[in-house]
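Read through the structure below, which is laid out as structure tokens, and then see the notes.
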Amino acid sequence: MSRTLVLVRHGQSEWNLKNLFTGWRDPGLTEQGHAEAKAAGQRLKAAGLKFDIAYTSALSRAQVTCQHILDELGQPGLETIRDQALNERDYGDLSGLNKDDARAKWGEEQVHIWRRSYDVPPPGGESLKDTGARVWPYYLHTIQPHVLREETVLVAAHGNSLRTLIMALDGLTPEQILKQELNTGVPIIYRLNADSTVASKEILSA
């Protein structure tokens, strides 16, 4: 038995490809995104993993990624919990804008602050700190108990919602987590100790 948590950022979305701020908007996956999600499932299968339960956000790009992974593992009907607590960071007024257009409107420095500061939200949106304030409690109260019961748990979500989990699990500072990029469709496997600390971490790159 193992206490295993697998985090996967969704495959490339249509708006990732167009360089748009996405947040809580709900574009689908590109062909590449579908392929990335299926490949993630294949790598997890090769690693010998099977899941006891899956969690994903309320957004289709994460849900479809989750389903592709489960299909590849031969677990298409696995219990899957969908919750907006795992949604991407809400970019507020930036949502739907091309990143270059946002820089033209507000200035490169201001947009950089909104994107890469820990606690400064864009207008009408969330900071990374705000995102963590909903993601981490949800993890502690809902997801972690399954892991500590020696289950294997999948979380298919988003770059910033997963970044806040990684920050807490790895004990990183805001400065450290802001420098980390999460590639689309790449599984991160955590094995936890009985006291919920991290025993090991493995990134299943292609």
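Residue positions begin at 1 at the first shown residue.
Glycine too: its Cβ is placed from the backbone N, Cα and C atoms.
Record features, source Swiss-Prot:
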BINDING   9-16, 22-23, ARG61, 88-91, LYS99, 115-116, 159-160  substrate binding site
ACT_SITE  HIS10  active site, tele-phosphohistidine intermediate
ACT_SITE  GLU88  active site, proton donor/acceptor
SITE      HIS158  site 'Transition state stabilizer'
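Here the CA atom of the residue listed as 'active site, tele-phosphohistidine intermediate' lies 14 Å from the CA atom of ARG89 (substrate binding site). When the recorded positions HIS10, GLN12, GLY23 are compared by Cα distance to HIS158 (site 'Transition state stabilizer'), the shortest distance belongs to HIS10. Long-range Cβ neighbours of LYS99 (substrate binding site) (same chain, at least 6 residues apart, Cβ-Cβ under 8 Å): ASN19, LEU20, PHE21, VAL111. Distance between Cα atoms for GLY23 (substrate binding site) and GLU88 (active site, proton donor/acceptor): 5 Å, as a whole number.
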